[in-house]
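Over in TrEMBL, the protein carries these features:
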type	residues	note
ACT_SITE	His222	active site
BINDING	Ala124, Asn192	NAD(+) binding site
DOMAIN	12-121	domain 'Aspartate/homoserine dehydrogenase NAD-binding'
DOMAIN	169-256	domain 'Aspartate dehydrogenase'
Amino acid sequence: MAERDLTVGIAGLGAIGLHLARALDAGVEGLRLVAVAARDRAKAERSLAGFRQPPAVVGLGELAERADVVVEAAPAAVFEEVARAAIARGRIFMPASVGALLPRMRLVEEARRTGARIIVPTGALLGLDAVRAAAEGPVESVTIETRKPPRGLAGAPYLERHGIDVAAITAPTRVFQGNAFDAAQGFPANVNVAAALALAGIGPERTRVEIWADPGVTRNMHTIRVEAEAARLTMTIENVPSEENPRTGRITPLSILACLRGLTSTLRVGS
Ligand SMILES: NC(=O)C1=CN([C@@H]2O[C@H](COP(=O)(O)OP(=O)(O)OC[C@H]3O[C@@H](n4cnc5c(N)ncnc54)[C@H](OP(=O)(O)O)[C@@H]3O)[C@@H](O)[C@H]2O)C=CC1
Ligand SMILES: O=C([O-])CC(=O)C(=O)O
């Protein structure tokens, strides 16, 4: 291992974690996968069986003891445990379940104290570089419209609370309209992108979100609109849902990999 290599631990070995683990095992300059955590350890061991350098399978809180960088790619319900350990040890913490960070912004204060860094990857979204740049100046509005096949929204607590059965939806239906904070609470496994956008731009209260269940689309689509003094932005990404988890776009582990590369690469592109 080169002296400047960063060691990486991953919480979760699902649609994001397993793809990321495979990519790291195939070899990425400056990064080495050393540990993973999953709910079912025996299944995790099986998933790692063909790896060139199988990482240790450890508990969630133990990742931070083993790795310089802790990537969180697990359900939002275990976010706190992973984040807390990584931040307490001054690690680089890279969350996928970004929505879970919004009600826990005290973790940012805690990271300031311990020297940890929290780096939010662009994930399934696009253009956060431009949003961040625009937000260095005055911004009038930021909105995101998320449109998914109904099965990509199934199980969201907001839908259950409001008695909305997405399986019965036969025409494009707006199922949520509100701010990014409420969107992330109501759809913890579906709109982490809205949380990332809010953190890049003008915050979760001012960022407006619409969520559509649309039987006419096959991809997870996100359109961002920003009205700022410096620029007007309109950007759309159409994500191919992953086979393992239709809520999660296939680009997500690739985005995290690109973000990890940026930690050590000599040439880095984009802000
Ligand atoms: N930021 C972004 O743009 C995006 C973020 N996400 C978010 O990323 C997170 C991961 O997504 P995804 O990979 O699709 O999820 P999956 O459901 O495919 O995988 C989740 C993984 O977490 C593991 N897990 C579950 N419970 C525990 C536990 N108690 N302890 C340890 N591990 C556990 C599961 O283990 P096992 O396999 O043993 O069951 C599984 O490996 C989600 O919160 C999702 O909402 C998703 C898409 C985009
Ligand atoms: O993959 C996507 O399209 C977005 C997603 O699930 C999320 O933001 O959590």
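Every residue number used here counts from 1 along the chain in the order it is shown.
From the backbone N, Cα and C atoms, a Cβ is placed for every residue, glycine too.
Predicted automatically and left uncurated, TrEMBL annotations should be read as such.
Long-range neighbours of Ala124 (NAD(+) binding site) (same chain, six or more residues apart, CB within less than 8 Å of its CB): Asn192, Val193, Asn220, His222, Ile237, Asn239, Thr248, Gly249, Ile251, Thr252, Ser255. Per-site Cβ counts within 10 Å over the recorded positions Asn192, His222 peak at Asn192. In this structure, Asn192 (NAD(+) binding site) is part of a helix by DSSP. Per DSSP, the secondary structure of the domain 'Aspartate dehydrogenase' (169-256) breaks down as 22 helix, 32 strand, 34 coil. Note on the domain 'Aspartate/homoserine dehydrogenase NAD-binding' (12-121): DSSP counts are 53 helix, 20 strand, 37 coil.
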